[in-house]
Amino acid sequence: MDTSGSTTDFGDHVVLRYGGTKEMVPLIRHEQMLDMLMERARQIVQGFGSLDTRNMYLFRHEYNSPTLLFPITSPSQIASFSKNPGCILEIILVDRTETAVIPHVVEPESYMLPTFCDFCGELLTGLLRQGVKCKNCNRNFHKRVRMQQGIIVEHLDPLPQDRGLLDRPCYPHCHQRLLEFRCPRCQRLLVSLPHTLIEHSYRQFTVCKVCDHLLVGLMKQGLKCRDCGVNVHRKCAMELPSNCILSENAISRVNFADSEAEQASSSDNIPLFRLPDDIKIKKKFKKKFLHREKRIEKYVFSRPPGQVGVRATEKKNLEGWMIHFILSDPERRLKHYWMMQNNAIHLYNEYSEGIGVNPNRVYRIIPLAEITSVVQNNGKSVLAKHPPHCFEIRTTTNTVFCVGEDYHAFSGGPPKKIPRSMSVRPTSNTTMWFQFIKESLQPPSRNNEENAEQALEFANLYQVLSDKTLGSGQFGTVYSAIQRHSGKEVAVKVISKERFSKKGSGAESMRAEVAILQQTCHPGIVCLEFMCETKDKIFVVMEKMNGDMLEMILSQELGRLNSRATKFLLVQILCALKYLHDQGIAHCDLKPENVLLSDMGSNFPQTKICDFGYARFIPESQFRKTVVGTPAYLPPEVLQRKGYNKSLDMWSVGVIIYVTLSGTFPFNEGEEVSISEQIQNASFMFPTEPWSEVEPLAVDLIQKLLKVEIEARMSIEKCLEHGWLKGEQLYRDLRDLEVRLNTPRYLTSPQDDVLYGPLR
């Protein structure tokens with residue numbers, strides 16, 4: 001290893017690691033230290049195989065970094081290793097997926113015979129020096145093409161032997177050496193970019209780019225690409241590879257002051273039901289909850305597995321360059337990079353290989369909810385000089401997007417015998433986009449003819465956002481959806497009939513839930529809007545809220561709510577529950593996850609009870625024994641398979657109050673003592689932390705609700721009259737909500753106005 005020059009030995013070292021191989025390398029200060037480390041790493045790797053098709057990188061283990069591995073890219077980073085002797089440098093290999101791209105080396109040339117440009121196919125005209133010729137590949141080009149930097153680039157394999165010529169710079173921006181050459185705009189050569197072909201009349205001899213035969217005729221002899229100038233026969237258009245090269249500003253120019261563009265750019269709103277970044281319990285509080293003394297150990301209040309309220313993803317489904325135009329303006333042919341993501345089609349102006357799209361250059365966003373239909377075009381071209389488009393996207397705004405170009409029409413239809421060059425090509429972008437958009441507009445269901453009519457009826461009314469999962473229940477999954485005619489966001493519960501048992505208990509529960517929702521009408525209960533049934537699925541459409549009570553609890557710094565917010569939410573729950581009980585309905589699965597909130601950004605939102613999958617019609621003085629609900633919120637009589645009535649909901653209310661004020665569950669199921677014994681042990685049920693900060697009246701209400709004896713359990717009427725749920729501040733909070741909602745009073749009464757004074 002060459003260490004000539006001024007060096008200073010630190011007496012330290014680093015460890016190069018490649019797989020299971022480790023080697024200690026002395027750390028010295030030298031201008032070429034990074035190159036020396038890379039060379040030694042290359043020698044280690046070459047002992048296991050060749051590096052011809054792979055790139056090598058060094059990463060330092062940085063445990064304080066979120067990524068754990070920190071790339072080593074500059075010599076200045078080497079000096080910091082002296083502060084951390086013995087650090088490990090990981091050798092990472094990455095396969096090369098790119099072809100070596102090098103520029104032509106051209107010089108002016110005089111031709112004695114007719115010669116055509118190898119780029120555009122037109123005849124090189126003139127007496128002397130008609131064009132330029134590459135010394136390496138002997139290809140000929142127009143002089144004007146030479147000035148288009150990044151276009152005259154070839155993929156040469158194998159590489160020429162005369163590297164001296166290749167090392168000479170051809171253009172100002174392409175001066176890198178052979179394998180390091182990568183002009184930014186030449187990256188587009190590696191992207192499948194379609195040509196924008198239009199009929200053209202040629203005044204000079206021109207050959208076809210595909211077959212090298214002359215374009216014959218007096219007028220409109222062939223097709224010319226609007227962007228790169230390539231010329232082809234009509235019959236050869238289908239065989240032209242999608243390798244168009246765009247010059248500067250070749251993609252449609254966009255005026256971002258246009259209201260249409262502003263609307264598209266401003267639609268990147270945060271989707272509903274997305275968890276905020278701070279919905280986590282801080283580590284110090286979580287640690288305090290988990291490390292309590294064993295005698296008062298509680299379960300930390302968190303969402304059970306499989307009950308996450310929001311599963312919003314930003315999954316990219318399909319992308320690629322597409323040619324399109326609006327039916328009302330067929331002359332304006334546009335070329336954009338289409339990407340399906342977030343339940344919308346994004347049309348980007350810029351795309352670079354390895355970098356991706358430029359998010360600041362969005363031409364338009366087409367939400368799936370605005371698409372009414374996707375229709376294949378089998379007719380003639382809108383304009384005779386352009387090929388027919390492949391399919392149409394029709395929207396609720398009466399805008400029709402014509403997508404793709406059908407080159408088969410120029411040759412009189414698809415060829416009977418597919419050329420060998422075409423047989424290995426994948427399905428065209430237009431075909432994939434047509435099928436994908438058509439499938440995306442359908443609700444999640446089986447693809448069979450029996451379901452087609454019912455699924456089409458539902459798809460015409462609602463667009464299900466299948467990548468925005470709101471939650472899951474015992475029989476189905478809840479998705480976000482858009483009502484097409486109004487744009488209103490709703491929640492759709494997709495129920496799979498396959499989950500129903502053969503005995504029919506599942507179907508009975510589902511029908512009971514729908515029947516209950518159809519009979520209820522209360523501001524505190526989620527509203528049923530629509531129901532549709534296919535052979536294997538049932539779609540239940542309900543109004544959508546912006547979160548649930550559990551999310552609100554977990555979003556707090558201490559993982560619990562204060563008394564004022566708890567009382568505000570509790571009165572709304574009790575009023576809705578009283579309405580259900582008056583209708584003879586027991587919810588049977590009351591818990592924070594099933595209490596939806598109108599606004600996660602407010603401390604005093606409206607609440608609505610949802611998920612009536614376990615709800616039962618229980619008349620007065622009758623009991624049931626069927627299994628219902630979530631065990632953590634159920635009273636002993638249900639867990640012990642004894643008879644229960646509507647008072648089981650009051651037990652659930654007591655558990656909700658407990659977990660809301662403390663952040664933990666009231667009972668430890670792992671203890672050998674029974675629930676009744678745990679209730680009698682006040683020090684176990686209400687430890688000093690955090691119950692010393694809670695009013696004694698709240699503890700009194702919880703104790704009266706968590707009674708093992710059904711008869712001793714507080715009724716809903718007495719609960720609403722309890723002293724903890726009275727007070728001027730609570731009255732004003734509830735009355736303010738009623739005024740904001742502009743609904744008839746359902747939380748307060750005129751007697752409260754007399755007692756506390758009217759709201760000012």
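Keep in mind that glycine also has a Cβ here, set from the backbone N, Cα and C atoms.
The zinc finger annotation in Swiss-Prot covers 103-153, 194-244. As annotated by Swiss-Prot, domain 'PH' applies to 316-444, with the evidence given as sequence analysis. Marked as domain 'Protein kinase' by Swiss-Prot on the basis of sequence analysis: 464-725. What Swiss-Prot lists as ATP binding site is LEU470, GLY471, SER472, GLY473, GLN474, PHE475, GLY476, THR477, VAL478, LYS493. Look at Swiss-Prot and you will find ASP589 tagged as active site, proton acceptor, backed by similarity to another entry. As annotated by Swiss-Prot, phosphothreonine applies to THR626, with the evidence given as similarity to another entry.
For the residue listed as 'active site, proton acceptor' paired with SER472 (ATP binding site), the C-alpha to C-alpha distance reads 14 Å. Under 8 Å, Cβ to Cβ, and six or more positions away along its own chain, VAL478 (ATP binding site) finds THR469, LEU470, GLY471, SER472, ALA491, VAL492, LYS493, VAL494. In the three-state DSSP assignment, the secondary structure recorded for the residue listed as 'active site, proton acceptor' is coil.
Confidence over the zinc finger (194-244), given as mean pLDDT on the 0 to 100 scale, stands at 83.
For the zinc finger (194-244), residue counts in helix, strand and coil come to 3 helix, 14 strand, 34 coil, using DSSP. Annotation note: VAL478 (ATP binding site) sits in a strand segment as assigned by DSSP. Residue counts for the zinc finger (103-153) under DSSP, helix first, then strand, then coil, are 4 helix, 15 strand, 32 coil.
For the recorded site, LEU470 (ATP binding site), the DSSP three-state label reads strand. Least packed by the Cβ count within 10 Å, out of the recorded positions LEU470, SER472, GLY476, ASP589, is SER472.
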